[in-house]
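I have placed the structure first, in the form of C-alpha cells, so that the comments after it can refer back to it.
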Amino acid sequence: MHHGGGGGAIRVLNVAEKPSVAKSVAEILSRPSGGMRSREGRSRYNRVFEFDYSIGGRACHMLVTSVTGHLMELEFDDRFRRWHSCDPADLFHAPVRKSVPQDKQDIKRTLEEEARKCQWLVLWLDCDREGENIAYEVIDICAGANSRLNIWRARFSALIDREIHEAVQHLDRPNKLFADAVDARQEIDLRIGASFTRFQTMLLKDAFVLDDTGDDRNIILSYGPCQFPTLGFIVERFWEIQAHEPEEFWTINCSHTSDEGTASFGWIRGHLFDYSSAVVIYEMCVEEPMATVQNVRNQEKLKYPPYPLSTIELQKRASRYFRMSSEHTMKVAEELYQAGFISYPRTETDNFSPNTDLHSIVHEQVAHPNWGTYAQRLLDPEARLWRNPSNGGHDDKAHPPIHPTKFSAGETNWTDNHKKLYELVVRHFLACCSQPAVGAETTVEIDIAGEQFNASGRVVLAKNYLDVYRFDSWGGTLLPTYIIGQQFVPTTLTLDSGMTRPPPLLAEADLLGCMDKAGIGTDATMHDHIKKLLDRCYATKDANTRFSPTNLGEALVMGYDEMGYELWKPYLRSMMEADMKSVSIGTKSKSEVLENCLQQMKACFLDARANKVKLFDAMGTFFARSSRPVNETQNSIETVRPCAACNESEMFLKQRPTGEFMVGCRGFPQCRNVVWLPRSLSGAAVTDQVCPTCAPGPVYKIQFKFRRRDIPPNFDVDHLGCIGGCDDILKELMELSRFGSHSQTATPARNQSQTASGVRQGSSRQDLHTSFHPAVQFTNGQTPVVNPQGFRSTHTQSSGNASGQVQCTSCREPCVLRTANTEANRGRKFYKCQNLACGFFAWEDDVENSAPRGRGGRGRGGRSSSRQSSASASAGRRGGTQGRGRRGRGRNADGMMFVAATGEPVYGSCFICGDPTHFANVCPNLGR
C-alpha cells in the first residue's frame, strides 16, 4: 500500500479532539484501502495514523492525529498572576493571553511538523461551540507553521461508518462565530472568577476558622459566574424549608364500598385551616349523610411518549431512574459515544430531522433479547404501533437527539452504569417512535349536604410505548359503576387533620431543571458546575441525590444577599448566556458583549467590596474568628500607586483591625513607606479613576467617607480625593482632623506649656474627637466672652486695635489664617493652630461676629501676618524632611518618620515606652 502521497495525492492532516476519536475515524476511513499504519508523534498519547483515501474523487494521503481537549489556556499576563500582585478589581481589564501550556507543547510540535508537509487541514473536533473553539486553536498552530493550508471542517454526530464517510465527502468551513462565543465566555469567566475569588479568599480565609482540623490555609473560596447562581438555587430552597412553619389543616374524606369495590372521594374544597369552620361543615354532612351522584364522566385519555432525548433530559432521567450524578452520566455517555454505541451526547436538539432514517436505527435493535420483540412490532405495519417522534422545539443545528448508533447486547468491559445508560438511550428512542398509551378515565361527582366530593379511576386500554419504556408508569384504580341520580350512604365519613409540609430539598434532576430554565450554563457544562459546588465544599449531596448547602456555601450567599446584590441569583448569568448565544449567531460582536458584561460585573464587584462588612457578618454567623496574626489577614488590598520610596512595589489601601485606614508599601518590612490616613474616616475605597497630575503614576483616587462629627459642618462627608499631594480639599480636611497617635510630632519639649503637654500626653483614644468650636483668645489681652456659638472673643476698646490676633487657648500660639477651597465654602477664611497635633479650628466670620468691631473693621495687616505665620509654620514643618517613608537622620533622628496624606513628614515615637519602632496604639505596654 502506497503511503507516500506521491503522484499528485493531496496530503491531508486530520485532527480529532481525542486520541480515541482519531483512532475510530482512521479505522473507518482506512477500511476501503485495506488498512492503515500507525506511528508515534511527539506526544506518545497522540499517535499519527496514515492511509490513502479519496475525497470528492481526488486522491488523498490522510494523516490522522489528535489533541486532548483544549490546546490553549487563557491566562493573565505574568505580572497579574500572583494573588497579591494587583488589586482584584484590576483583573477586569488586565491584559490576557491565550497560549499553549507546557504539558501540551509536544502536541503542538506534532501539529507544526505535520502541517508543514500537508496541503489540507481537516478538523474533526466535536461539533459544538466548544469544539469549534478548539478547532481554531488548532488552526492557529497549524497555520502558523504553514500559512498555505486549505482549512476544512468535518461535521458528524456519531462514530459510525455512514456518518464519518458522509462528513469527509461533504466538508464545510469552520464557524468563527462559534469560536468567538466561547472566547467571550472564557474571558468573562476568567475575569469575574479570578477577581471575586481573590477578593473572597483574601478577605475571609485568614479571618475565620473554616476547617475544624485547623488545616484551612490552602482553602480557596472560589466564585464562578455559573457556580454561584447554581449554589443560589440550593440555598434558596434550603431557606424556604427553614422558613416553613407547619400549619394544621382539616379535610373531610368519604369512601363507599360496594360489590364492585371501594371508591375514595376527596373533598372539592381540599382542606380548611380553620377548625371551627371545618367542624360545622362536617357536622352538616354527618346529619344529612345521604350522597347523591351528580355527574359521571367517561373519557379517553392519552399518555404521550417523551420527546427525543437531549443532554439535559439524559442527565435528569439518569439521576431520577438510576441515581447517577450528572457528572458521571456524562462520563459514561462520552465513553459510549467514543466506542460508537450512541450518538454525540452533548446536544440541545430534541427533534429528529425528516431525513433521519429512523427505521434503520430501530431495525438494528430487533436482535436484542430484552427489547428486540418490541422493535419487531414497531416495524410491523399491521401492528400500527409506529408514530413519528414528536418535536420538542429545540434544535442546536449541530447534532441530532441522542440515539443508539450500534447494536449491543452488553459488552464485556461495560460496567452496570454503561448497561443502564445504553438501555435508557435505546428504550427512550424506541418509545419516541411509538404510539401513546390509551386509557379510559372515569370521574364521579357526588353531593353530601351541599358539599361536593369526587373520585377518579383509570383503566389502561393500550399500553403501546409503555411496553418498552419501563421507566414510566400510568396506573390507576378501577371505580365501581355509578349512575347519575344514584344515592347511597357513605361507608366512612371522617374529619381528618394534617400538617403542611415544606418542599423537599432539591434533587439533582430538579437542580438541572432549574439551571436549564434559568439559562445557567450549557448542556455540556451544567454537570461540571454542580461538581464544583461539591468539590469546593459549598454544598453536599445525600444518598437520595438531594442537595443541602454547607455553612460556607450558605454564609457566602447570605453575605451577598445582605448586600442587596443578586450575585447569587441566575439573572446576570442568564443575560450573559443569551449574549454569548447572540455572538454565536452574529447578532452581537464579541467585543460588545465583553465590554457590557465586564462593565456590569465590575460595578457589582466594587459595590460588593464597599459592603464587605456584610460578608464578614454573614461568615461570623457560622464560623469563629481566627486567632492568626492580623497582618496575615488581607482585609482589603487595593492598589493606590507605585511606591516612590523603593520604586519596586505598589502602595495599597488597607484597613487595620482598629478601623484606621492606611496606604502602605507591599514591600514591607524592607520598605516602610506608609501614609497614615486620618482617624476621622469611616470608610475608604480605591476607585478606577486615575489622577492626571500626580507622579509617579498611575495614582488612583480614593473615595473617602468622613464621620460627620469629626469634620466641620460645611464639608461633605463624601470626598473623592488623591493622596499624591494635588488635592487641596483633602489637605484642608486632613489639617482639620485629628490624626491621633500616628500623626504626633516629636516628643514635646520641656519648656512647652502645661496645657499643650497635657493635650499631647492624653489618651490617644480620648483625643480623637475634635471640637470645632474651641476657646479663642486675642493677643491684645482683652477678657474673652463666650458667644452663643461657643467661641470666646475679646471686646476691643479702640478702633485702632480692633484687629486683635486669634490665639489658640490650648497651645497659647498665634493661629494661622487659611482659605477654604471646598465647593460649599470656597474663599471662606478660617483659623487653624500651627501645631499639627492640635485640633483648633474657627471660622473667621464667626470670630468676628462674636466681638464688637471698630469703625475700621479688621485691618489687612492682621491677615498678612496670619499668612506669614502660616508660611513660616509650613516651612518649618518641611525643614526636616529627608525622604518619604524612610527613617531619617534629621530632626528627631531617633524617631520614625512617615508621610501624612498632606504630603508632609511626620516624626515620632511611642510616648508610652519611647520605642521609635512603633506608636502607642500598638505598644505592648498599653493599658498597663
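Cβ coordinates come from backbone N, Cα and C, glycine included.
Worth saying up front: this structure is predicted, and the values here are computed from it rather than measured.
The site 'Interaction with DNA' annotation in Swiss-Prot covers Trp83, Arg198, Arg346. If you look up Swiss-Prot, you'll see 175-606 marked as domain 'Topo IA-type catalytic', on the strength of sequence analysis. Annotation source Swiss-Prot lists zinc finger at 643-671, 808-847, 909-925. For Cys808, Cys811, Cys833, Cys838, the entry in Swiss-Prot reads Zn(2+) binding site, with the evidence type sequence analysis.
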Response to the item:
Around the Cβ of Arg198 (site 'Interaction with DNA'), other Cβ atoms within 10 Å, all chains included, total 24
Discussion item. I need the CA-to-CA distance for Arg346 (site 'Interaction with DNA') versus Arg198 (site 'Interaction with DNA'), whole Å please.
Written reply: 32
Response to the item:
Cys808 (Zn(2+) binding site) sits from Arg198 (site 'Interaction with DNA') (Cα to Cα, rounded, in Å) at a distance of 50
Worksheet item: Quick one: Cα separation, Cys833 (Zn(2+) binding site) versus Trp83 (site 'Interaction with DNA'), in Å?
Response: 45
Worksheet item: Within the zinc finger (643-671), how many residues are helix, strand or coil going by DSSP?
Response: 0 helix, 11 strand, 18 coil
Response to the item:
Other C-beta atoms within 10 angstroms of the C-beta of Cys833 (Zn(2+) binding site) total 25
Response to the item:
Long-range Cβ list for Trp83 (site 'Interaction with DNA'), cut-off under 8 Å, min separation 6+ in sequence, same chain only, gives Arg198, Thr201, Met202
Fill in: Cβ neighbour count (within 10 Å, all chains shown) around Arg346 (site 'Interaction with DNA')
24
Item to complete: Provide the number of Cβ atoms within 10 Å of the Cβ of Cys808 (Zn(2+) binding site), excluding the reference atom itself.
Response: 26
